[in-house]
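To start, the structure itself, in structure tokens.
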Amino acid sequence: MLGSLLQAVRQTHPLIHCITNYVTINDCANILLAAGASPIMADAPEEAAAVTARSQGLTLNLGTLHAERIPAMLASGRQANASGIPAVLDPVGAGVSAFRAGAARQLLEAVQFAVIRGNLSEIRALADAGSHACGVDAGDSLTPQTLDACLELAGQLSRRTGAVVAVTGETDLVTDGETAYCIHNGHPMMRSVTGTGCQLSCLTAAFVAASPGQPLQAAAAAVCAMGLCGETAYARLSPADGNAAYRDKILDAVYRLTPAQLEEGARYELR
Amino acid sequence: MLGSLLQAVRQTHPLIHCITNYVTINDCANILLAAGASPIMADAPEEAAAVTARSQGLTLNLGTLHAERIPAMLASGRQANASGIPAVLDPVGAGVSAFRAGAARQLLEAVQFAVIRGNLSEIRALADAGSHACGVDAGDSLTPQTLDACLELAGQLSRRTGAVVAVTGETDLVTDGETAYCIHNGHPMMRSVTGTGCQLSCLTAAFVAASPGQPLQAAAAAVCAMGLCGETAYARLSPADGNAAYRDKILDAVYRLTPAQLEEGARYELR
Amino acid sequence: MLGSLLQAVRQTHPLIHCITNYVTINDCANILLAAGASPIMADAPEEAAAVTARSQGLTLNLGTLHAERIPAMLASGRQANASGIPAVLDPVGAGVSAFRAGAARQLLEAVQFAVIRGNLSEIRALADAGSHACGVDAGDSLTPQTLDACLELAGQLSRRTGAVVAVTGETDLVTDGETAYCIHNGHPMMRSVTGTGCQLSCLTAAFVAASPGQPLQAAAAAVCAMGLCGETAYARLSPADGNAAYRDKILDAVYRLTPAQLEEGARYELR
């Protein structure tokens, strides 16, 4: 089933509008091209909504956030809702500053997201911001040991926002508040490459855009694909290669990934 | 003849001021270094003209346009004209929003460009914006089939603006409104790498800056060089390589390109 | 001794806050990860100081400077001083425009830097800006021939600012105004890769942050490490490789560099 979701991306070439940070913006564009989608980056308030209106999906990423990018994100998010195309939120560093937490809150209030994807501390920052509940303690990272607590946290955020929530870490979780994919693809060295999370959020938008009505499965397929490509790329490293070679080989693995390979290589269980 | 135009870049090391988008800005800097030129990126209105005044060429690129970058572009474009150095316009996404189309129009009114380089839809957006003529229908992309209509469109824009116009696609055109180079270098996989067009615009500025008084030939040489490097790089790909390896190998091919290889590998006819 | 300074980075994983240009920001993040440090990029005035307060080191880089980034830099620099964490200044293009020179002056007045790192023209711009003395003529680049004059210039700037001053070129100098490391690592092809200087400034912040109280030795170790990795990476190039392959192989060399290799490969003398 997951293979057909990649096939849909390669066949429909969705145009994905990304309002994202400047650290990893080039890799975000190239991973979309690698997957068969098309990227368009535009973050000026003057044109953000117009660009979204031409697109099939939207990613909003809070990295290197600037004040003037917030109205652009709000306008694009609302346009995505009006157009009926999926919007993905990547709350990069939402727990790092009140500025980013406030922007995340504004966006969650104004926009119906199809998917929210972050690491555990980012997802917890969103959950706390909304509920003011502090009882949830899922630890600092998503591991097999913290899985149950994370599932609870992600499920609550999903039910509250109506978005599929994807939490990535040593294990990955993707849930719509009822069903959860626990995904075991990936490699620890991916943490040594800046922006693999940002790239995954863009990839998720492409998968969700290409398979309307299946955001849970499509987000899970994107997470499996990224992790699987991290494994494939790691296997191609020579002893002298480091994180720069790895960055490129992950993108190359996405470029070469076939639906059959994704189908066979995805390792997950449903909860 | 084209080989000597590359030789001029490698011998004179022109400093090229780029006001460009943040998606491909790193690749733009590296392709200039690969060709033997020097890049300087500066897009604040406070210093744009001063930086241009120290440079031998200028590239203005409309990708990820922000409002405050427009006065910087206008100031740098005027300084380039005052200094007698060539300015290249890359109207990225000029047809995507009224914001970018308006900026393109402002720039075309205020600045005499040496070269305008874009894909067919971008060039058509400029042509339409100026003439309000809608009769030209060159199709959606520049192919052998649409070549004649594209030549007509590019020639009109060239005569109206006084700039050499370069349209890139499956076939590439470079014309000054009288003579046209139809260029057959390149590889379709170049479309899978973000920013090959942006890189070409910077490369064009370097070629034109290094050979004053020959903008048509210099722009054609840059287009041939980029396409030829796309061919050379493609030949170096292994079966597991994808668009990230290809991106790097294109830059590497520019770094290694010799005047003799360009002379021999350029495939074009004059019209 | 230098090896243990790398070891400290790999063991303490310092979080380095970078306010830097958009040309090389991705490479800056990846070199920090390669060294075992963690990057965080944030340049909005609304959150700059808050991000610095969570970090162990700070780098301020004047490339692609924008007016609104200056208050962010000032706030972060002051926070670094208040927190007792090291701040590194990279005065990219300080001699290029009055805008950048003015920002450099503002920063030097408001912030106590642990290290200032630049090429000779940038360091001279800072020295001139402060002293209004024009007698120093160290030539255009730091070579064995201009070494004595450069030492004098760097020493003066160091004594005036209280910062360790690192001047990089064909030879590199690192001085605290009393002792100087003259460093002979590196390869000329590093000049063909955009941003090796920016990367070195970030790496320097990581080394200095990981070994409190030893800014001179730590900065020298970072400069040796970068140069040594430039040598290692050059040795790995194939005949068809160019500056893109070189860029990645430098980062990969940092990722693989061991304390023992740094200890053995560092080539310097004390003056």
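Keep in mind that glycine also has a Cβ here, set from the backbone N, Cα and C atoms.
Because the structure is a prediction, the values reported are computed rather than measured.
Close to B:M41 (substrate binding site) in the fold, though at least 6 residues off in sequence, lie B:H17, B:C18, B:I19, B:T20, B:I25, B:C28, B:A29, each with a CB less than 8 Å from its CB. Residues annotated as substrate binding site in TrEMBL: B:M41, B:G195.
Annotation for B:T168 (ATP binding site): spatial neighbours B:R117, B:G118, B:N119, B:L142, B:G186, B:G197, B:L200, B:V223, criterion Cβ-Cβ under 8 Å with sequence separation of six or more. Annotation source TrEMBL lists ATP binding site at B:R117, B:T168.
A C-beta separation below 8 Å, combined with a sequence spacing of at least six in one chain, links B:G195 (substrate binding site) to B:V23, B:T24, B:D27, B:C28.
Taking the Cβ of B:R117 (ATP binding site) as centre and 10 Å as the limit, one finds 32 other Cβ atoms among all the protein chains shown.
In sequence order, B:M41 are the binding-site residues among B:M41, B:R117, B:T168, B:G195 whose C-beta falls under 8 Å from a C-beta of chain C.
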